[in-house]
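Heads up: the structure comes next, in structure tokens.
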Amino acid sequence: MAKQHTKQQVRAKIRWGIFGIFVLLLIALAYDGPMYANRAIDKVNNTVALGIPRLPEEPFALGLDLQGGAHLIYEANTKEIDPADRPEAVEGVRDVIERRVNGIGVGEPNVQTSKVGETYRVLVELPGVTDVNAAIAMIGETPILEFREENNVQPRDLTEEEQKQIDTYNVDASKRAGATLARISGGESFEDVAKDVSEDEKSKVNGGYIGFVSEKSIYPEIFSWSEKATEGDITKKVVETDGGYEIVKRGGSKGGDMQTTASHILICYLGAKDCSATLTKQEALAEAERIYGEANAGNFADLAKENSTEPGAEVTGGSLGTFGPGAMVPAFEEALNTAKAGEIIGPVETEYGYHIIYKESETPSTEYEISLVHIRKLTATDVLPFQDPWMPTQLSGKNLDRAEVVTDSQTGQIQVSLLFDSEGTALFRDITERNINKQVAIFLDGSIISAPVVQTIITDGRAVITGGFDLTEARILAQRLNAGALPVPVDLVSQQTVGASLGAASFTSSVKAGIAGIIFIMMFMMFFYRLPGIISIAALMVYIAVSLALMKLIGVTLTLAGIAGFILSIGMAVDANVLIFERMKEELRDGKSLKGAVEEGFLRAWTSIRDGNISTLITCGFLMFFGSSFVKGFAITLSLGILVSLFSAITVTRIMLRFVVPWFKERGNVLFLGAIKNEEA
């Protein structure tokens, strides 16, 4: 009874093993193909309403050669780096490029370094990338973040020698202009003379033709003469302007854009562009509504002088002068266009705050068609060095610790928040301390994007960039700033693009080849080993399902080389079963029972299977550490396949064989390795 009880327990364990294998297979298949599993789940939920959750439908990670993408090779310029520090510098380049690539949102990018002779290179593989130029720009360009303060240094005066140089040049230019006018007056064609001597390169090629000009788009001396002249007239004297000496020919005329004369009162609030006020947005709106209620044509200028937060309004009275379309920000211009002449409107909100607008007048303009011969003047700006209105500070992007996208709690404006490191915090404190009530400009890639007025000393090392960003622009800027600068310059030396259609064709061909190989293996095992061959096929299905699930779970990127490694591992998985079955045959020929032959076959075949697989794993290890990216993909999938094959060949196949052995005679039959006869009989 005890022996019978023991047999029942063993049989129960085997049945539980079969059940566990079946459950494992179902889980692996569901993870491999979640779209099919979800269809089954939906049918069950619709029928029984069990509320089974759906599986996430995440695809396999495909490599560059399967889904298409870009293959880039950069060469690092390490000439200025000490030879002992070059490997570390190039590794820093790899880290920065990897952060930038991750910022693009590329799935499974591959960034590696290599050394060819004395040249260091960085290999970048970007699977699935369609806009290669954008990726190249993101990798190679570093955003230059600078903080500058107002340049209050007055430009120096001209020296006597410089003034004499200007006067001499301009006297000669005036004489040349007079001689040019004499040629035209003498009967030469205006157009031919313009092509010959004009110093305005753009109009010179067209015989001096400029086109239609408005009052705001040309020197006032030229426009004034054009108003009095008629079509076909040529100036009888040289017209002197700030830019040079002009001989002008007038063509036709036409109606131009409406010209508007207006004034405004600005009430800005904390967080608005270039605002130095401390009002909240609600307080600024209330103040603007109060002023609007008091404003009329007679007191508008006085109200502007008393209340407007616009710099200089106390002098200008809020006057904006006369201007045409496009001169104001869109929200301001749109509101102005709806108003009638003499009307006061508001409050109108722009990024600068709230405006009360007085539309004083609106008049049609006339544009004149002109051609000119231009002889340039020499001015002080040509002689004196350029005077930048902003002075650089020592604070820059290198002092940045972190950048992130934030939303202003009062205005809802998208901003990029900056946090400086300890050195940057100290520098920013000093900058704000010496610029109270002055502007500090933030430059990105050489262009000013914000110039707030400093209200107080900032000691916490935090600043915000308010550049009128949308959410996408702000995220890209924050990513670029966080990625940092490259430790050494890099040059793109090779670029290859694999089309998505070519990758899809490669993937389809690889899958077809794999399926064909598996079918031939199945046919071979069934023909030579009958029922155990069918069991090995079932174990092979478990192996394939589990291997694919593990590859997907740990994020293995499938490449053509990786698929080749996986297909090879399938053959090696079956190879283990072949060794086991051949040992079983030998044991049966030696007179062992079917059960004993199965157990002995696994025991004796194990050492050969173990040693063969270990030697292959060692080779894979060398390939992973020293091979290229394509070789690594082969080695990874082959290694993973070998490890899973040990489980499928030793554990799964053994449990299945133990399960079916009691169904057959003691020595087996034609379904079990063929009919085995005792050679001594």
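For all residues, glycine too, the Cβ spot is worked out from N, Cα and C.
Automated prediction, rather than curation, is the source of TrEMBL annotations.
Among the features that TrEMBL reports, domain 'PpiC' is placed at 150-252 (among others). Confidence for the domain 'PpiC' (150-252), expressed as mean pLDDT, is 92.
Residues or ranges marked as domain 'PpiC' by TrEMBL: 257-361 (among others).
Under the heading transmembrane segment, TrEMBL lists 12-31 (among others). If you look at the transmembrane segment (12-31), the same-chain residues 6 or more away from its ends with a CB under 8 A from one of its CBs are 37, 55, 541-542, 545-546, 548-549, 552-553, 652, 655-656, 658-659.
Look at TrEMBL and you will find 534-554 (among others) tagged as transmembrane segment. Sequence-distant contacts of the transmembrane segment (534-554) (same chain, six or more residues past either end, CB-CB distance under 8 Å): 21, 24-25, 27-29, 31-32, 58, 60-61, 518, 521-522, 525-526, 566, 569-570, 573-574, 577, 581, 637, 640-641, 644-645, 647-649, 652-653, 656-657, 660.
What TrEMBL lists as transmembrane segment is 560-581 (among others).
Marked as transmembrane segment by TrEMBL: 612-630 (among others).
What TrEMBL records for 636-657 (among others) is transmembrane segment.
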Pull the DSSP breakdown for the domain 'PpiC' (150-252) and write it out as helix, strand, coil residue counts. 47 helix, 18 strand, 38 coil
For the transmembrane segment (636-657), sequence-distant contacts whose Cβ falls under 8 Å of one of its Cβ atoms, 6 or more beyond its ends: 14, 17-18, 21, 532, 535-536, 538-540, 542-543, 546-547, 550-551, 556, 558, 562-563, 565-566, 568-570, 572-573, 576-577, 580, 598, 602, 606, 609, 613, 616-617, 620-621, 624
In the same chain, which residue numbers or ranges, 6 or more beyond the ends of the transmembrane segment (560-581), come under 8 angstroms Cβ to Cβ? 63, 65-66, 506, 510-511, 513-514, 517-518, 521, 525, 529, 532-533, 536, 539-540, 543-544, 547, 551, 601-602, 605, 608-609, 612-613, 616, 630-631, 633-638, 640-642, 644-646, 648-650, 653, 673
